[in-house]
Amino acid sequence: MNPYVLTILLSSLGLGTTLTFASSHWLLAWMGLEINTLAIIPLMAQQHHPRAVEATTKYFLTQAAAAAMILFAATTNAWVMGEWGISDMSHPVASSMTIAALALKIGLAPMHFWLPEVLQGLDLFTGLVLSTWQKLAPLALIIQVAPTVNPMMLTLLGLLSTLVGGWGGLNQTQVRKILGYSSIAHMGWMIIISQYAPHLTLLALGTYVFMTSAAFLSLKVASATNVMTMTMMWSKAPVLVSTTALALLSLGGLPPLTGFMPKWLILQEMAKQQLPLTATVMALAALLSLYFYLRLCYAMTLTISPNTTNATTPWRAQTTQSMITLALFMTAALGLLPITPAILTLVT
């Protein structure tokens, strides 16, 4: 892609998210979401491959439907209550409709079906943008609207997402689909706590961005998109395999890695809110996710590829990709747990 065009598209992505962050009026927030969607579509379709075009079409249709729903909910609230402000979403029907539309935008269960399919059709870098940056603006709106929504709705969305994210990834062999289901499960954790402790939603989002970026960038360096390719990674870059396995375990929430921090704090907060049953179901759903991360780690570190490939062996040439970004994200994905008290002081 032409570097000037790429610069314009990436700037538009940043502009759309910033506009949504800064807005207090629903029309401005909607405009930011639309700029975001339109900026990523050329990035998704740049492969000129039928799968990429199909993924782009699916993404465009779901995002357009969600945006129309948000506009309809905001108009309904303005019509009935006379308020356009995001924090003044006081009508129950309008606020429920808004949460449903934003859930469709970020791929929460039961509106999650598009996400693994779309991710599967994209290259790893665009998949990374879709899994991290594109979640920021809708989540900012969800945090603002959450206090006015029926708590049962948010709890159901969160529980369903963690369960679906765990179950869905169990039978997958494509790494992008597994990371898609991982994204659904993590969004469930963020949604369920947004009504009680919004600062923990932000903390969970930050750690999720670090861990997912580390996982995607590691796979990009190794050009691994399915479990079979991952079995050949150890001979190409043993150190990268070790850190990637740790990043995946961090995504699963194992101590003493960064991923344990948000899960621990969220479960603690839910126990304080007298929700032991919900907390138990969430913890058990996290075990489902952990199983498929362990499967990937097992494939990477303890197995040898069962077939010989006739293609040019990929580990003969040194990679030309920049490793600084990967190193920074990997450090954040693995080592932030000891400074939990400092991070809590910052976000509260």
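Just so it is clear, glycine is given a Cβ too, placed from its N, Cα and C backbone atoms.
Now, the feature entries from TrEMBL:
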DOMAIN    23-288  domain 'NADH:quinone oxidoreductase/Mrp antiporter transmembrane'
DOMAIN    290-344  domain 'NADH dehydrogenase subunit 2 C-terminal'
TRANSMEM  57-81  transmembrane segment
TRANSMEM  93-115  transmembrane segment
TRANSMEM  152-171  transmembrane segment
TRANSMEM  178-197  transmembrane segment
TRANSMEM  203-222  transmembrane segment
TRANSMEM  234-254  transmembrane segment
TRANSMEM  274-294  transmembrane segment
TRANSMEM  326-347  transmembrane segment
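Tertiary proximity for the transmembrane segment (93-115) is limited to same-chain residues at least six positions away from its ends with a CB under 8 Å from its CB atoms, namely 33, 58-59, 62-63, 65-67, 69-70, 72-74, 76-77, 80-81, 134-135, 138-139, 141-142, 145-146, 148-150, 153-154, 157, 160-161, 163-165, 168, 180, 183-184, 187-188, 191.
Mean model confidence of the domain 'NADH dehydrogenase subunit 2 C-terminal' (290-344) amounts to 82 (pLDDT, 0 to 100 scale).
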